[in-house]
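K.L.:
One structure coming up, written as C-alpha cells, with questions to follow.
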Amino acid sequence: MNRWPFRSAVLLLLALVSPLACAAPSEPALIPLPAQMQRDEGRFVVSDATPVVAEGEAARQAAKYFVEHANTTQKLALRVSAGPAKRAIVFAIDPKASTNSEGYALQVRADGATVKASDPRGLFYGAVTLWQLLESDGGAVQAPAVRIDDAPRFAWRGLMLDTARHFRSVDEVKRLLDALALHKLNTFHWHLTDDQGWRIEIKKYPKLTGIGGCRFPAGDGGVDPNTGEPRPYCGFYTQDQIRDVVRYAAERHITIVPEIDVPGHAQAAIAAYPELGVLGTRPPVSNEWGVNTYLFNVEESTFRFLEDVLDEVSDLFPGTYIHLGGDEAVKDQWVSSARVQERMRELGVKNEAQMQSYMIARLEKHLEIKRKRLIGWDEILEGGLPPQATVMSWRGTEGGIAAAQQNHDVVMSPVSHLYLDYLQTTSANEPPGRPATISLQKLYDYEPVPAALDAAQKKHILGVQANVWTEHMRSFARVQHAIFPRVAALAEIAWSPAKAKNFDDFRSRLPAQLLRYDALGIAYAKTPFEAEIAADADGGRDAKVSLSNPLGYPIRYTTDGRAPTASSPLYERPFEVPLPSRVRAAAFADGRMLAPASERALDAAALRTRTDEELTMCSNSLMLRLEDDGPADGERVIFNVDIFNPCWRWDGADLDGIAAVRVRAGRIPYFFQLAHDEPHRKFQPARSAHGELVIRAGCDGETLASLPLPAQPEKDGFLTLDAKLPGASGRRDLCFYFTGDTRPTMWAIDRVTLVPR
Ligand code: TNX
C-alpha cells in the first residue's frame, strides 16, 4: 500500500491547525518585548464565559479594547462587567501599579489575569499585551502564566505619514492608527502640506484645498483614458474629519503632530495664493518629485497668513507639538529676489539661512501664545534656533547630536534607518520605492541614543520616529507594505530596553505577529518572507540553484513541480538541476509557510534573460524603483533605474553561440525637480535625433552596438531593439545606456535577452 498520500494528508492537517500551537514557544511572542517578564508554571484558559471585570471609565475603555481585539483575532465573545467575579480578567486603575504613566503591571495565573496601571495609558498598553498573550491551538484559547512589569524606553514613539504626495482616506488613517496603537506607538506625525498638495481645510483660506488640493499627475496618469481630458488627483481633510481622527487617535492614546511645511515644500499653497510666493506668478500644484524651488515670501502679509493657518491648526489638534517642516528649502528664489533681499535688510537679517531662522523664531513665538511647542526637521538648526524648539533629525544622526549638544530636545528619525519609503528587500516583487534597502534587521539594529552625547545631553533624545514618504505609494496596500512588519522593529526600538534587543529572538517572535496581522487584515510586506531562487547556467545542460530568504528563515523546496510543504526537502546548500526544471520554494517557521511559494521555470531560454532587477546598476547615484505612468488605474510595470545615470550592467554574460542582444525598454516620465543636484544628472551626448541605445563591453570598453531610438515607443509604451553581436564569444560585461536628454520622458530597461545563433 502506498502510504505517502496518507502522510501528506496528516501533514496538511498539521499545517492547517494554528501554528501558535505548534510553536509553543517557551517565551510568549510579545512585540515589543516588555521591560520585565517572568514566565510562571501553567496557563489560564479563556472562553466566551470568562468574565472581564473593569471598574471605572478608564478600566472599561481598556477592557473594551481588549475584548474587541480578542474577538477579532481569537473569535472570543467576551463581555465587560463591573462586578467582582472568579476566574476573571480584571482591569483596574491602581496608583501603585506603575511609576510611569505609560507603564503597567500584568499577571496571568491559572485562575485568572489582572492588568493594573496608575494611568489610563498604561492600562491600555497592558490590554494590548494581554491580547498578544492569547494563544490558541484551534480549540481552547489560553494565556501562559506570566508576570510582567512594563514601561516604555522612550516617550516619543512615532510614525509619520505623508498624505500630501498621495492622499489617504479617513478610514485608512484610522486603520493605521489602530495598528500603531497595537505596536504601543503613541505619536502620529501627519504630513499635511507639500508641493504636491495641501490636504487640510483652513476656513479662512478655502483655496488652499480648493486649488492646492488637486494636481494633474505627470504622463498618462493625469489623463482620463475614456475622454483623453486631463484628470486631476485630489484630496483633503475637512476640519470635521480632522476632529474625528484626533478623537479616534486619543482613544488609542495617540497624539497627532500636524505638519505645516515652511518656508519650502510650499508650491501647493503658492498655487492657491500666488501672493504668498516670491515670484508673484501662479505655479501649478507640483506633479514632480524631489526638491522644488518655490518658497514662501517674507512679507508681513505672509506671516499673518501663516499665523492664521497655525491658529486654526492649533485649535484642531490638542497635542503640544506643531511641526513646521523647514526641510529642503533651497534658497535660490530668496537669493535672486530684490524684494526678499530688501526685506532681509529691513529685518536686519544677514543671509538666507538667518532669514529662515527669523521666520521659524517668529512663528515659534506665535505658537507659544497658543501654548504649543515647535518641532521641525534638522535644517531649522541652520542659522540659529529658539531654545524651546525640538529638532527632528532626519539627515543622519549629526543633526540630532548637534541639537542635543545645544540643549534642544530631539526626535531621531534618520533617513539611513527609519525611512520606510526605502524598500526592504531586493525582491522583484517589491513595489516602487527607493531601492537602497532598509531591511528589517537594519531598522531593528538602530540605536537612537548616540554614544557621542554625555548623560545630560542623552536626556534630550525624546525618542524615535519612522517616516513614510509616499511619492511612490499610490495605494494603501503600498503604504501597509512599507510599514509592516518594519513597524514591529520600530516598536521594539522605541519601547523595549536597549539591552533586551536581540534580532534572532525578535525574528522568532515575528511569525506570531504575522498571524495577528493576518487576523486584523493588515496587508504586511510578504517580500521579507519569500524564498529567492537564483540560478546560474552551468554550460547549458544543468543549472546551479541557490535559495535564500532575506531574514534567514529555513527554506523548503521542490523540483518536481509540486507545491512545497513543511515536509519538502530543507534547503542546505546550492544544488544542480537538469534543464529544463521547475523549482518551487518557500520559507517556513513553526511548520507554516510564511509567504506564497516562489517559482522559477529554468530552461536555457529563461537563463538567457535578465530583468532590470537582475541587472546591476552602473553606479548608485540616485537609484529608484519607478513605475510606468499608465494605465491610469491598476497595475503598472516597474523599472529599477538610476535617474542620475540610467545605465545597466550584465556582468559576465555568456556570449558563446550568441547572435544578438534583445533589449526591451519602457518609456516613463522624467518628473523630478532636483534643485542643486540637477547638474549631477549626466545626459550622454546623442548622435541621432532621439538618441541611441549603446551597448559596450564594460562601461568604459569597446562599443558593441549603438542603435538609434525612435521618437515614440510602440503602442504599448515599450520598445524592442535587437543589437547584432557578430563574432561574440566568451564571457563579457555588457553595459547598456541611453544617450540624449529625453526629458520630459526617459527610457528604462525592462529586460535583456541573449538571442542564440
Ligand atoms: C526628503 S525627509 C524629504 C521628503 C521626501 C523624502 C523622500 C524630509 C524632511 N524631506 O520631502 O519625501 O526625502 O525620501
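Placed from the backbone N, Cα and C atoms, the Cβ positions cover glycine too.
Feature table excerpt (TrEMBL):
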- GLU328: active site, proton donor (ACT_SITE)
- 28-151: domain 'Beta-hexosaminidase bacterial type N-terminal' (DOMAIN)
- 154-497: domain 'Glycoside hydrolase family 20 catalytic' (DOMAIN)
- 542-592: domain 'GH29D-like beta-sandwich' (DOMAIN)
- 1-23: signal peptide (SIGNAL)
K.L.:
Give the number of CB atoms, excluding that of GLU328 (active site, proton donor) itself, located within 10 Å of its CB.
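P.N.:
I count 17 other Cβ atoms within 10 Å of it.
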K.L.:
Restricting attention to the domain 'Glycoside hydrolase family 20 catalytic' (154-497), give the mean pLDDT.
P.N.:
97
K.L.:
Where DSSP helix means H, G or I and strand means E or B, what are the helix, strand and coil counts for the domain 'Beta-hexosaminidase bacterial type N-terminal' (28-151)?
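P.N.:
Its residues divide into 32 helix, 45 strand, 47 coil.
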K.L.:
Using DSSP, what's the helix, strand and coil tally for the domain 'GH29D-like beta-sandwich' (542-592)?
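P.N.:
Tallying H, G and I as helix, E and B as strand, the rest coil: 0 helix, 27 strand, 24 coil.
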